[in-house]
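Trainee: Take a look at this one; I'll ask things after.
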């Protein structure tokens with residue numbers, strides 16, 4: 001069920017990050033070197049989740065693995081225990097909560113009209129539902145972390161924290177962000193561009209679906225304009 005996926009990606013997945021933040025407060029802040037294996041594992045896990053996204057054919061699985069990859073960055077930023085790292089982790093959890101929930105919602109609107117989640121069978125929607133394509137584009141741009149979104153601000157804070165801690169981590173971070181952009185564009189182009197494969201009449205998007213998307217993306221844009229609300 002789509003509601004379960006949206007709540008899982010937006011709220012429950014972030015509770016793990018919150019738990020790590022509370023747990024790290026009990027540990028010494030001066031000995032971050034002993035957490036080196038965990039930071040490397042978190043970044044490596046993010047890259048592996050991103051690579052898994054690239055080979056997904058199921059739309060919902062792709063979005064789910066995307067959430068996992070972003071949480072790898074969050075965990076790495078929290079473990080370093082600097083103010084910038086914690087601010088970036090908190091901002092990324094909030095930003096990606098909105099983004100992944102919106103993507104799951106869009107995947108469901110596509111599934112209701114095509115009755116399939118296979119990427120190659122859902123293409124050509126920009127000809128049939130142009131407004132849906134606009135929502136897809138906005139959600140994917142936020143997933144890629146393009147400026148001036150909150151996703152960009154949070155990833156910039158996390159990158160600065162990790163680079164300041166160990167400059168070598170920029171290789172893993174850069175690779176992770178490159179793959180994120182690749183699978184996000186692949187997801188958008190696969191579902192929206194190309195000739196449509198649907199022979200039946202597709203019903204238009206309902207007002208409730210537009211409202212649901214607006215309630216995801218408008219608050220995120222507003223927080224992006226004033227990030228000090230959460231950072």
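Cβ from N, Cα, C; glycine included.
Pulled these from Swiss-Prot:
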TRANSMEM  1-21  transmembrane segment
TRANSMEM  34-54  transmembrane segment
TRANSMEM  63-85  transmembrane segment
TRANSMEM  89-111  transmembrane segment
TRANSMEM  128-148  transmembrane segment
TRANSMEM  169-189  transmembrane segment
TRANSMEM  211-231  transmembrane segment
Trainee: Spell out yes or no: are there three or more C-beta pairs under 8 angstroms between the transmembrane segment (63-85) and the transmembrane segment (211-231), with each pair 6 or more apart in sequence?
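Mentor: No, since the transmembrane segment (63-85) and the transmembrane segment (211-231) share fewer than 3 Cβ pairs closer than 8 Å, they do not count as touching.
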Trainee: Give me the stretch from 89-111, 128-148, 211-231 with the greatest number of Cβ pairs under 8 Å to the transmembrane segment (1-21).
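Mentor: Selected stretch: 89-111, with the most Cβ pairs under 8 Å.
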